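Everything on this sheet refers to the single structure shown next.
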Amino acid sequence: MNFSHLYDIYYNRINKKLFEIIQELPFQDSVLFRAMKYSTLSGGKRLRACLIYATGETFQVNIAALDVISAAVELVHSYSLIHDDLPCIDNDYFRRGKISCHIKYGENFALLAGDALQGLAFNILSNSNMPGVHDSIRLKMIAEFSNAIGYSGMCIGQMLDLEKERKKINISELEKINLYKTAFLIRCSIRLAYFASNNFSKEVLFILDKFSVSIGLAFQIQDDILDLKNDIKKLESKRNKTKNTYPLLIGLKKSKIKIKELYKEAFFTLEILKKNFNVNILKLLTQFIMKRFK
């Protein structure tokens, strides 16, 4: 079985859901609406949504509930990218093959668009129908979501990234940045899908956390490598000018070895889950993501 077909199904499903959510918003003639729509529907890999759907399949979660979780997570991811690109953070002119939101609509409206998308994500997670999900579980999901994207998660990761910019750091410090900045939202995505199954087990959650952190860290290193496009001259010329990344810190060869180690850890956790659950789709998804850097 090939995951590509299933990826297309997940990808199209979440894009349709996001389009429906955006199209239901008021003030559609406003710059704010256009900025939100532009950033949310301008492509992207939808990795987090795919992980949510695949995890949901593993634990037999109603797909309508997975739609809600996926939409909330992807809206927050879009918000984070808008803010990451701002001049005060990464000052990036391009995102997903297009000009960044603040370049197209201005810094003021980009800032507001990010804020509005975050609020919309919580609105969706709080109020949308999620069949089979009790209110107590919904509250647990909201608490997990807010923790993953706030002070104890994504925001502290971004702070650490900015704080260490242009400074020499070690691998341990870099992994901490990637853990908070990237892996924790991926962990949250998988946790929310698992919570929606209403079958909570600390042991299973621990295994899923190991899986998601391995995937999240590997994915971040892959992105760092893809950004450099294996251009050694670019690597050398930017060594003292760019943010800290694995390829800049330890080189491309060791970075690829690290990716393989992380995916090996991810597959190991799936083998443990395999004893009680059907993890075939999660395994196929992991293999699919792995191919991005080969």
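Glycine is treated like the rest: Cβ placed from N, Cα and C.
Swiss-Prot lists ARG95, LYS181, THR182 as binding (2E)-geranyl diphosphate, and of GLN28, GLN220, GLN222 the one it places in that same site is GLN220. For the isopentenyl diphosphate site, Swiss-Prot lists LYS45, ARG48, ARG96; matching the candidates HIS77, HIS83, HIS102 against that entry yields HIS77. Here THR182 ((2E)-geranyl diphosphate binding site) is positioned 11 angstrom away from ARG48 (isopentenyl diphosphate binding site), judged by their C-alpha atoms. THR182 ((2E)-geranyl diphosphate binding site) and LYS45 (isopentenyl diphosphate binding site) are 14 Å apart (CA-CA, integer value). Annotation note: HIS77 (isopentenyl diphosphate binding site) sits in a helical segment as assigned by DSSP. Cα of ARG96 (isopentenyl diphosphate binding site) to Cα of THR182 ((2E)-geranyl diphosphate binding site): a span of 17 Å. The binding-site residues examined here are ARG95, ARG96, LYS181; by Cβ neighbour count within 10 Å, the least packed of them is ARG96.
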